[in-house]
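Annotated in TrEMBL:
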ACT_SITE  ASP317  active site, nucleophile
ACT_SITE  GLU370  active site, proton donor
DOMAIN    156-499  domain 'Glycosyl hydrolase family 13 catalytic'
Amino acid sequence: MGEENTDIRLGELDQYYFGEGTHYEIYKKLGAHEAVINGIKGVYFAVWAPHAKSVSVVGEFNGWDESLNEMQRLEPIGFFETFVKEAQEGQMYKFLITTNAGEQLYKADPFANYAQLRPDNASIIANINCFSWQDKEWIKKREEKDMKKEPLVIYEVHLGSWKKHQRKEDEDGFYNYKELAHELTDYIKEMGYTHVELMGIAEHPYDGSWGYQVTGYYAPTSRYGTPADFMYMINYFHKNKIGVILDWVPAHFPKDAHGLANFDGEALFEYADARKGEHPDWGTKIFDFGKHEVSNFLIANALFWIEQYHIDGLRVDAVASMLYLDYGKNAGEWIPNKLGGNKNLEAIEFFKHLNSVVLGRNHGTMMIAEESTAWPKVTGGTQEDGLGFTFKWNMGWMNDFLEYVKLDPLFKKGAHGLMTFAMTYAYCENYILVLSHDEVVHLKCSVLSKMPGEYYEKFANVRTAYTYMMGHPGKKLLFMGQEFGQVQEWSEKRALDWQLLKEEPHQQLKLFVSELQKLYLKYPAMYERDTQPGGFEWVNANDCDRSIFSFIRWSETSKNHLLFVCNFTPVEWKDYRVGLPFKKNPKLLLNSDEKRFGGSQEKVTKTYKAEKKECDGREYSVTFSMKPYSAVIFLL
């Protein structure tokens, strides 16, 4: 029958800490949990609904009869609880909330661990404590790491469209989490990524939201399997030394009737005033970050994914929309803070609380901000009045970089500064350089399709651009499909165009990206000093006439430094001279123009002679042929 676990029930301390916003494991009490109480096996249900007149739990176990399992109110916090001996794992349920106005609302459980596949939306009783984890070694090593000095190359993936099974028109064709575990692992290891970032894991009703409008914050989506299947995937990744980052959306939530909006008949999770609680651009509700219980719901959720599902980091979506009260709003549509400004002071405190708790409890994990403004100290320590994130997406670099690389070569000379400007602020934050899903949708074109020139020149451009990106300070992220030259824009409705790999240029680009990323993993100069000004030095940042950029990545040791030279025009420079920091013959590590990558050179010279000839303000220099749209990496 199992052991008694009466401590599952909510007590006075639970109410106190939840009211204070510091009950970090509240998900172990609220929701639906199998239990043995007074010798009877069943399921304990609990929900927070302070404005409700009454609450019943209805489900398969009681024929959805509202009269059979009315819940008991616990004051003063507004919890409701009941124990149902007929309930068991795998059964569907909802909370039937009767409001003070007499309206009846059928709500999914905010703390449910599993849910029906859309368009159905009932919660499902699930035991997530039975999985046998085998990743202790990974977790132990993770705790010892300082990710700022570690290699980090992230593969951003939407599981529902990475691959699809052959299907009929009315079928989704989704792969299961277990299938994806094996296929993705093999691919990620082949390509040299260190982490996978998963979009749209928390349960959501609308595929077209890509998972950014969440209704089930504590449930991995049932599109791809069960919670146990998802655990299997994480465990398998870890056993293969692959880290896992989840997209996490604390900014807003949708208005679906079964979700969090007006949960107990009144604004509960959201701000009551529409000027603070409505997001006009997205048609969603904004969490009330100033309410302790709501802050607790979200912080406990972040901890839930990391501590229950062994996730290695969270990429926090739409941070800017949380920090600014007037984000996406016109005059008169927002309320100033108590100081008269446009900063959401409650969201600022929320982030500080969130990051200090999550990172304090889980050493070696990452909190990553998608923040699109110049807000200061996003990755600064909370003790220094920073927000406390580990990394921030470098949206400024991304916008400038893409604007430059898609220009016709005739106009690159006048836009040279787009590629060098990011180094003026590169050490203000701990950055990740991203080419994410947002850049290959909404008529923006895939990375390959953005490039100027003839068909073969587009591939050469991509190889040069990726080399520049890999050499630039900052961790890296690349959205799926861009590594082999996806031509179409991404759509969640269809799989990537894997058949392109039957064509040689796409296969060659994939090989190049794999070689480039494995080179990154081999040479610490490319990552260990990403956040230190001494780890990067321009050799020539001003060769705008030829649109060539050259720079050095310095390692922490006295050897294995790297020299990058990137040519962004279709012109060959046969005797291009670059200054060297000392007298040492450079050794070629990678040339993007090699024939095996789709370039023109069957054989490439591996060793070059350092000459005592001044160039770029340096005593020594080297000359070599700089092919059109090409990049080279030398070992110094």
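Glycine residues also receive a Cβ, built from the backbone N, Cα and C atoms like all the rest.
Given the structure is predicted, the values throughout are model-derived calculations rather than measurements.
Within 10 Å of the C-beta of GLU370 (active site, proton donor) we count 20 further C-beta atoms, all protein chains included.
A distance of 5 Å separates the Cα atom of the residue listed as 'active site, nucleophile' from that of the residue listed as 'active site, proton donor'.
Regional average pLDDT for the domain 'Glycosyl hydrolase family 13 catalytic' (156-499) in the model is 96. Every protein chain shown contributes to the tally, and the Cβ of ASP317 (active site, nucleophile) ends up with 21 other Cβ atoms within 10 Å.
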